Amino acid sequence: MIKIGAHMPISKGFDRVPQDTVNIGGNAYQIFPHNARSWSAKLPSDDITTKFKREMKKYGIDWENAFCHSGYLINLASPKEDIWQKSVELLKKEVEICRKLGIRYLNIHPGSHLGAGEKEGTERIVRGLNEVLNSTEDVVILLENVSQKGGNIGYKLDQLKKIRDLVDQKDRVAITYDTCHGFDSGYDITKKEGVEALLNEIETLFGLERLKMIHLNDSKYPLGAAKDRHERIGSGFIGEEGFAVFFSFKEIQKVPWILETPGGNEEHAEDIKKVFEIIEKFDIEVD
């Protein structure tokens, strides 16, 4: 069974997310644990978490298919000490929110070194992750491959491996693969040999069991453009035929697919429908 959903709004409360997910045709989702553009975050009340967990059960969403995404302001690679420290403290709070909600996975962008260099940026990311992981429990941090722009660290998978290799609690660090970011950085998933190479690289660097989520996004720009502009499924340079190749791999089908395509719930419902149309159109076998 395909596990699919979208990044969902929390404006109506955490407890609305499971129902809204099912309403758009999903059985998986991603949310922000707080206002993504704020340094402020607070733990949800016991009443809120009780309602949320009840709705998760009511709508039959598996906890392995529930994800949080860290806020936009966090930058663990920042050479600015005040920003780095605020990032560490906010990430700790996000982990605590996830743990209270019962969500096991928290996705993060590793960060941008802002010109200080990849080596220094990587060291700061590792130091920050160690501080967060050593002061929290249970929640697994997912390192996402990012776009190849600015001082971003993590646009190549071996950069994510360097981070994970240096972290103390490796069992609490796994990865997310974003199809737009990868395409943007030169990973061509529109061809069978490209997907095979990607899967082989993930297996070699991390083990495929460490791939916990796929951000399913088309790309507004061509392969290797380093622009980072998500597009609706089938409407970008990956396209229907490209996604058909990607979807045909059993290893890909085992991982939850989360849409971060332009638009809201209505557009995401259409994109989920489009995914299944591609599967049917290209006669893709699904377990």
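Note that Cβ sites are derived from N, Cα and C of the backbone, with glycine treated the same way.
Per Swiss-Prot, Zn(2+) 3 is bound by Asp228, His230; the candidate from His113, His181 named for the same site is His181. Together with Glu144, Asp178, His215, Swiss-Prot lists one candidate of Glu94, Glu96, Glu260, Glu266 for binding Zn(2+) 2, that being Glu260. In terms of C-alpha distance, the listed binding-site residues His109, Glu144, Asp178, His215, Glu260 place Glu260 closest to His230 (Zn(2+) 3 binding site). In sequence order, Ser70, Asn107, Ile108, Leu142, Val146, Thr176, Asp178 are the same-chain residues whose CB sits within 8 A of the CB centroid of His69, His109, Glu144, the residues recorded for Zn(2+) 1 being left out.
Same-chain residues that are not part of His181, Asp228, His230 yet have a Cβ within 8 Å of the Cβ center of the Zn(2+) 3 site turn out to be Val146, Ser147, Asp178, Cys180, Asp184, Asn217, Ser219, Lys227, Arg229.
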